[in-house]
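Going by TrEMBL, these are the annotated features:
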- 283-459: domain '3-hydroxyacyl-CoA dehydrogenase NAD binding' (DOMAIN)
- 464-558: domain '3-hydroxyacyl-CoA dehydrogenase C-terminal' (DOMAIN)
- 592-677: domain '3-hydroxyacyl-CoA dehydrogenase C-terminal' (DOMAIN)
Amino acid sequence: MTDPVRFTAQRGIARITIDNPPVNVTAQPVRAGLSAALDAALAAGVSRVVLTGAGRAFVAGADAKEFDAPPVAPHLPDLVARIAAFPVPVIAAINGAALGGGLELALACAARVAVPGATLGLPEVTLGVVPGAGGTQRLPRLVGLAPALALISEGRVIGAAEALNLGLVDALADDPVAAAETLALPARPAPDALPAPAPDPAAVEAARAQAAKRAKGQVAPGLAIDLVAASATLPLAEGLACERETFLSLKTSDQAAALRHVFFAERAALARGRAGGAAIDTAVVVGGGTMGAAIAYALAGVGVSVALVETDAAGAERARANVATLYAEAVARGKSSPEAAEAAQAARHSYHVGYADLPPADIAIEAVFEDLAVKKQVFAALDAALPETAILATNTSYLNPDRIAEGLRNPGRFLGLHFFSPAHVMKLVEVIRAATTTPETLATVLRLTARLGKIAVPAGVCDGFIGNRILTRYRQICDVMLIEGALPAQIDAALRGFGMAMGPYEVQDLSGLDIAHANRKRMGWKTKPGIRYIPIADRIVEETGRLGRKTGAGWYDYEGAKPVPSAAINQIVTSESARAGITRRPFSDDEIVARAITAMIEEGARLLEEGIAESPSDIDLVLVHGYGFPRWRGGPMHYAERLGLPGIRTRIETFMAEDPLSWALPDILRRAAETGRSLSDLARTP
């Protein structure tokens, strides 16, 4: 194993290179090596030190794995302070990402030179902490209070050109090491002698308002704002002490643990795409509506040539228009030039009526409406039109992929690819293993999803897979609370208060009440044994025709775009309680949250027990990225572990005693509560 820090000295200049692949995080061996390299620079009597990173990163932050353990010397704040006070100038040659602790190292340097493609930022709030090695105090002294507030409280990462404009870096150079060796030092005080920034109460209040809106419920952004604001009034030493105390208190918090959990789960999901599989260069997408056009656009965006299939010429033209709209939106947002958008549409998209003239393709993705017979017809046509080697993927949300695959020539090349709308924006995709899907097919599709930048979560076959199955259970328990005494607006408000992006009834109004109604009808819920059927939602669809926002009314009335509690809906709810002989009772917000989130946990445990989900963290990724579960709570399964599984078991048993039709304790939860083993452990070793 090579040393994580290398030291050389020539012509009176020392070069210290941090080499801790893949991104040079400041783990303890790096910190120890950096301390030793500074000692060596002193001993060598050099006149300048250049600090840089190996590979494509300068230093991409601290080692988040160390956050769960006590700090081990040498500590990063001490190294940063030593660099700031070093007797000869230390110049940061920023060769790539300088994030978190990496930027804090650079801020302590006398000057900074960056490669044009470098990225810089202090994204600690996205992990539930604040910068812990001087970032909240040194950055505002260098660039001013308002820019520092924006960067730190939002966790923003900026490019080198913006950093140069802010004064965060002093020069850009293709070879930052060579430039750092000869850079004329800027005429400003030493790093820790810079004056405090001017107070800016308006900027502080604006940052607080933005954080309250963007990061509702999260602790770290507000504390980061407090620390940056304090840089204008506190001496540097006092500000640094406050920052360190805040960092150490936050790093063991529930929110920080939850955000780290999601961070590592995302990394693990992306790593699946590096486990082999063939490259995908050509694709067919069947269906040019909102979903199909977005899938085609996303594929083209990573260089895949896409043939989009519709049933008739008018449909093909609508598909072309839908794709063109996505490119126009990218141009309007500054993500593409008009010329590049036009060139991409010409080079990577073709439109076809039927299947007769389809070019060969590595993968075909079906994105038509949820009808088993229609989907089977599509795949029969694709199977006949494409080479047997083509992967065939269905974008079904609920239907059984094994039924869809019946009769295919090569069923091992078939699977489900459940994108979330809008498919070019949403990062989540469920990859559904059909009974016949081969490991090679799965690996190839995971390689493609990684190329698309998606969080891919493998799932087995069941109704709704991971996300929609949990959503169905969650809504079921919310409907039980409706008939027993709650109202839609109260349930929605309570769950938003917990941190959900939207309440369940707001979501149904957005997606359309007819979709869930069709699924209940398909599953025969009215007569299905063993469940407690609540007819309220079906009555709304069947008796009133209120389907949500698309009809101007659903669970809510609407004043423009604003949802307003509906007296008509509340009357249906209360009348259904009376018809069932239920005396309605009050529900507190805490009880609503406890029952709704416990329903998610219970169903997630059942998915683990059945082998549908591979791990609790996969379930968490699906709920965080696809269903609005608050990232800072870590997902339902992480949340359950933090609450304590014995308590979850007791809660479910209490609910079971009241309502045995609606609640049941999964065996995996019982065993976890009894043995103290984690759900992850039990999912791997039944």
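Just so you know, glycine gets a Cβ as well, placed from its N, Cα and C.
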| task | Could you put numbers on the helix, strand and coil content of the domain '3-hydroxyacyl-CoA dehydrogenase C-terminal' (592-677), residue by residue per DSSP? | result | 64 helix, 1 strand, 21 coil
| note | For the domain '3-hydroxyacyl-CoA dehydrogenase C-terminal' (464-558), the DSSP residue counts stand at 60 helix, 5 strand, 30 coil
| note | Over the domain '3-hydroxyacyl-CoA dehydrogenase C-terminal' (592-677) the mean pLDDT stands at 97
